[in-house]
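Database features (TrEMBL):
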| type | residues | note |
| --- | --- | --- |
| DOMAIN | 15-241 | domain 'Cytochrome b/b6 N-terminal region profile' |
| TRANSMEM | 43-67 | transmembrane segment |
| TRANSMEM | 113-132 | transmembrane segment |
| TRANSMEM | 144-164 | transmembrane segment |
| TRANSMEM | 176-197 | transmembrane segment |
| TRANSMEM | 209-234 | transmembrane segment |
| TRANSMEM | 255-281 | transmembrane segment |
| TRANSMEM | 329-353 | transmembrane segment |
| TRANSMEM | 374-392 | transmembrane segment |
| TRANSMEM | 412-433 | transmembrane segment |
Amino acid sequence: MSTRELPGPGRGERVADWFDGRLGIHSLGRKYLRKVFPDHWSFLLREICLYSFVVLILTGVYLTFFFHPSMNEVTYHGSYLPLNGVRMSEAYASTLEISFDVRGGLLMRQLHHWAALVFVAGMLTHMMRHFFTGSFRKPREINWLFGWSLLFLGMFEGLFGYSLPDDLLSGTGLRFVNGALLSVPIVGTYLSMFLFGGEFPGDDIVARFYSLHILVIPGIMAALVVAHLLLVVYHKHTQFAGPGRTERNVVGAPFMPVYLAKAGGFFFLVFGALALMAAVATVNPVWSYGPYRADQVSTGAQPDWYLGFAEGLVRIMPGWEITLWGHTLVLGVLIPVVVFPLLLVFIGVYPFLEARITGDRREHHLLDRPRNRPVRTGIGAAWISLYLILLAGGGNDIVATRLHLSINTVTWAIRIAAPAVPVIVFVVTRRICLGLQLRDRERVLHGRETGVIKRLPHGEYVEVHEPLSRAELHTLTAHERPGELVEHEP
Ligand code: HEM
Ligand code: HEM
């Protein structure tokens with residue numbers, strides 16, 4: 001065949017070449033599309049975070065087309081007749097319009113709100129899975145901090161979001177924020193005036209929260225998500241111990257095509273589940289609360305679940321006040337305002353605390369089984385129990401009415417449970433871990449109990465034990481025992 005007859009590159013190949021010459025996509029792709037992903041069900045939690053974040057951005061952009069972030073007063077004349085003729089802010093009126101007059105508006109609002117609830121739940125569970133398995137250890141401490149910042153920002157992003165519609169519930173939440181700011185000594189009044197642009201509630205807060213909500217915080221969060229994922233690529237994945245898995249390799253399926261297909265499918269699953277929730281379950285029906293008025297307050301007012309623990313801290317505090325040099329310190333609010341961030345900061349700095357206390361400064365790429373780290377597992381369980389108790393405290397009125405109890409009984413029960421239960425949970429969890437370790441040890445040394453009883457020729461009955469497979473033996477023994485840490489020179 002002469003050279004003239006050779007077929008030239010096809011159109012697709014030419015386009016690909018053109019782009020590759022300018023962007024280097026081919027070499028990048030060749031390197032990263034074969035990136036290996038280990039498999040474990042708990043790794044899916046991160047995908048719930050990622051995809052609900054994507055849903056939040058998509059639905060959020062749709063909402064910006066119709067939402068008016070203004071506190072100018074208007075008289076409502078829309079489709080929701082019970083509020084016809086009522087004076088309200090433009091923000092609230094536009095939320096009613098989104099809910100009743102914009103095509104797909106209510107679905108989008110509910111999708112946005114459900115996605116927010118699931119997003120923070122996803123982050124908390126993803127965080128706890130990394131906590132319990134010790135993946136935050138060197139070299140991933142900074143990625144832990146990136147993740148932690150996402151959680152922290154996510155909570156405030158939610159608070160700013162549900163304050164936007166300017167309904168009676170969100171206004172009650174803002175009054176709470178105002179009270180918390182005012183309790184700060186010396187600068188409290190300035191902080192409140194600065195945030196609200198004058199006396200609470202002022203005319204600016206919705207517009208201010210709007211810029212933070214749709215621009216500043218999502219921008220920082222998107223950058224953090226990218227940095228978080230880049231660091232995962234740089235560090236490579238952690239994995240559970242098992243045959244063939246070491247501190248130096250990663251065993252799993254390649255990104256392309258296996259993982260991409262899985263991740264793509266999972267995106268539609270998360271999107272579908274959220275859409276279903278948004279379609280069938282009402283969330284934040286602002287029309288039934290009415291517009292915010294500073295002289296009114298709604299009963300049964302709750303923040304979204306992820307901030308319930310902060311509310312709980314305030315509700316269980318006695319209304320203590322002291323007067324110093326002619327100034328009143330409202331300890332009943334100030335103490336919770338200090339404890340609330342501390343509870344979160346403890347989680348943020350935990351990797352550094354653990355490394356310092358255990359003296360373990362080595363790199364770790366193999367994950368711990370929680371039972372093999374009884375103290376850490378105990379601390380994690382105790383933290384969750386405190387969080388849940390305070391969450392119940394934040395809904396003490398709901399608990400009291402649902403269980404037909406006096407609100408004082410509920411409040412006192414939570415006051416006692418908040419310090420006591422985490423200690424009990426710590427001790428019990430630690431014991432359970434040690435028990436499970438003994439069970440593992442028993443299985444390694446004597447094999448699995450088969451339940452088959454044999455009678456020996458001399459009449460003795462014994463249970464037949466089946467030795468574990470080599471793979472199982474490896475998995476159960478591939479961990480360090482206390483006292484194995486390498487001593488470092490100070
Ligand atoms: C992590 C991200 C986000 C969270 C946790 C979040 C959370 C929320 C929540 C809970 C609400 C109240 C919804 C309701 O009315 O029931 C809200 C409202 C709103 N969000 Fe977001 N959001 C996020 C990101 C975004 C983004 C990226 C945008 C826009 C680009 C956006 C735009 C809006 C708008 C316009 C509203 C007011 C509309 C309304 O309440 O009906 N959000 N957000
Ligand atoms: C928007 C929220 C978040 C997204 C989209 C996200 C996503 C991811 C993804 C995709 C990974 C890869 C590997 C894996 O899960 O094993 C990862 C790893 C990690 N995440 Fe997150 N994450 C988020 C929030 C958080 C939070 C709140 C924390 C903890 C405070 C956290 C801590 C970590 C750590 C320590 C790793 C490294 C573990 C490893 O390499 O195995 N992340 N994250």
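Please read every residue number as a count from 1 along the shown chain.
Backbone N, Cα and C define each Cβ position, glycine as well.
No curator has checked TrEMBL annotations; they are predicted automatically.
Across the domain 'Cytochrome b/b6 N-terminal region profile' (15-241), mean pLDDT in this model comes to 94. The highest tally of CB pairs under 8 A with the transmembrane segment (329-353), across 113-132, 144-164, 209-234, 374-392, is held by 144-164.
The transmembrane segment (113-132) makes contact with the transmembrane segment (374-392): 3 or more of their CB pairs lie within 8 A, with pairs spaced 6 or more apart in sequence.
Panel annotation: around the transmembrane segment (412-433), residues 312, 315-316, 370-375, 377-379, 381-383, 385-386, 389-390, 392-393, 396 of the same chain, lying at least six beyond its termini, place a Cβ under 8 Å from a Cβ of the stretch. A Cβ distance under 8 Å defines the sequence-distant neighbours of the transmembrane segment (144-164), meaning residues of its chain 6+ beyond its ends; these are 49, 67, 69, 91, 95, 112-113, 116, 119-120, 123-124, 126-127, 130, 136, 170, 173-174, 177, 205-206, 209-210, 212-213, 217-218, 220-221, 224-225, 227-228, 231, 284, 303-304, 306-307, 344, 347-348, 351. Remote same-chain partners of the transmembrane segment (209-234), defined as residues 6 or more beyond its termini with a Cβ less than 8 Å from a stretch Cβ, comprise 32, 35, 50, 53, 56-57, 60, 64, 67, 69, 140, 142-143, 146-147, 149-150, 153-154, 156-157, 160-161, 163-164.
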